[in-house]
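Below: one structure, written as structure tokens.
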């Protein structure tokens, strides 16, 4: 285990039937699970029994009439589902994706504070800027705004949210029935934010939540994304195809964090991993092949074209990927597009082969093998500076999630790499992260109520 | 019971500790209940045991640093709380207030469709336009937009939401694993809405929900509000101080509905009632007086000034209400301001007396008496063309809600005025309302899957 005395962190990236785009077609899947709360509840409770740090829901603000033919239908809106899961779980963290491009900070600060209250301090926010024209077209725009403009708005959005979460000091509530004084209003602040994108007076209309604010998570790995993460994130989801790339990303981001005067250990880096477990490596590969056989190239192509903002339908499936626009000219998802191009180049993949490589996890690394092999790989990444933990993305939920929780997690626990009991009740406790201070609290003042 | 063979409808207007502004100070109240889900869950389950049609949460998008001193702190954001309550209840409807002025239709259509899926068809939307500058100041504005402009935006907002809810036909899902066809995409539509306030391409990114769309509720009683309600509402919450006013309102709105070619019975009118129950009328009045004694005039004045958009703090408490701006010049809450002015004029109230009249229900009628007296009054309103049911607003939740559910509801049931069992599972079933048709479905086509 080397020099570290640290534990790794595990987040379940919940996709109702699985991350593979054909998971719904698998014989084991019950396709009605997408909207079946009792099924989703069982998944969350199972992850909690395995002592995972958190579960996480991605989000997208559109679907396409073409793509739904093959299954691109979204599930329940993330904060809606997590609000329901909050009251049927006790420990596991609940991380929702919300876009800063198509929302207002007052509403979002309030919803996360509400989820944090409701869950007793288990809310997390995966901050995204969204990256497709099809989403922009649902919000009064023709095209997705330029990459740097989205991040500019995102920064101001988060600054406003931080002010709103801090607008109530922790000891602002007095609740003295005798005098009728509910709050010490010298500890309730009006941010009076006036910026380029937002003007927000405040204060927030509910009191400070158990964690002070949700855990801040970020997932973009572009230059803009890394800068943003270094400044605000407490956990980072990332897609890395090789341990070398993951180490380089890890070192780069931790250096950016230190450069900003933050403590690198206070930001956990969690690459996404799609585990496929078999009794043997051959059986695991067979499971993957079985899912691949269920894909529709036409669907895979629509998904990829939408993701990279470039129509690939006119290119031959058995030819190579055409020249894509330079990364800095991409308005949408820069880092994922670059990862996809690098992957195709490095492995000299045809479009058809590339589609299969992306079908299971959209660019996240698949590890198909025995439970021991998967644990070995996770351990190697963890101890060699490639990861602080992992964003677990089962390609198939039915069976596949159980395989990971029942076989790989106990193996990691036996190796002393993962907790066997929760030691705290809040999401920040699980991730060994400090509680945020309040920008409006007078630092020398001692609380008096 | 006269000529009707109809049942009345009961909605619980849930305010965690009660509608009286001093409810939190009452000895019976546990002030921590505001954020205590297990407490709120018990209230919802109790209302469901009493077979109420629905429960409803109001909403406001601001609080004031001054007012929180005395208790004006908001609870959990409505859709967050209702999402959690959805999975611990089975029958009762769940109506959330959401403003059209400070949200985007794609997000809201999606959240209500998600709640409708999650609850098995029990979602309702109380559509508001919001009416205070303090709310506008949390959303990049200095002042609340003019009344008619807010309603103009609200109409387009609802039109877009209706298109999005209809963007998936009911039989669009095929889910055929063998062929890999998930949806019949000729039954998934792109609204391509382009209007003055919104451009939204669609389709919605989740399938048609059990009710097709949430029950649409409206609560404004201004001329703009009544026109809006006549066009879109399926249930109307209203504040009426006298049975005569309630009858006039009822007749007016039902006529507007008929004039638009809609069926008047398909819109239920529910005046708000604050019941205070005692063993005797004197005991009930004593309960009310006890709550009134706990008020702070300074707080009541802040609340009233904010509500009517007019600063009353410079006027003597024991003098009469000053001349307020003419109704049509009020940007904010027109009908409520007019109700307050009429009430003060009719009963020749001083400001101090007016504040007490508003402390319990902000302009809704208080009925303090025995359970039988309350039931008599509700019956009289119901059978004489003043109401199709009631929006029940206990001034005090602890004790007060139980009094209504345990004493008045059984009395209404004994009289044959209220259900003793739920006969359906969806909110529209409880309110005897038809299911909406789909504007995109070819009317002559028979569903084939």
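Cβ atoms here come from the backbone N, Cα and C positions, even for glycine.
Feature annotations, reproduced from TrEMBL:
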DOMAIN    A:24-385  domain 'Luciferase-like'
BINDING   A:59, A:97, A:147, A:151, A:221, A:222  FMN binding site
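Sequence features annotated in TrEMBL and their locations in the structure.
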| residue | record | Cβ contacts under 8 Å, 6 or more apart |
| --- | --- | --- |
| A:59 | FMN binding site | A:77, A:78, A:96, A:97, A:98, A:99, A:128 |
| A:147 | FMN binding site | A:131, A:222, A:224, A:330, A:331, A:332, A:334 |
| A:151 | FMN binding site | A:129, A:224, A:225, A:227, A:228 |
| A:221 | FMN binding site | A:238, A:239, A:249, A:335, A:336, A:339 |
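The DSSP secondary structure for residue A:221 (FMN binding site) is coil. Along the domain 'Luciferase-like' (A:24-385), the predicted structure has mean pLDDT 95. In this record, FMN is bound by A:59, A:97, A:147, A:151, A:221, A:222; the longest C-alpha to C-alpha distance in that set is 19 Å. Its own atom aside, the Cβ of residue A:97 (FMN binding site) has 20 Cβ atoms within 10 angstroms in the protein chains shown. According to its DSSP assignment, residue A:147 (FMN binding site) is helical. Residue A:59 (FMN binding site) falls within neither a helix nor a strand when secondary structure is assigned with DSSP, and so counts as coil.
All protein chains shown were included, and the count of other CB atoms within 10 Å of the CB of residue A:222 (FMN binding site) stands at 22.
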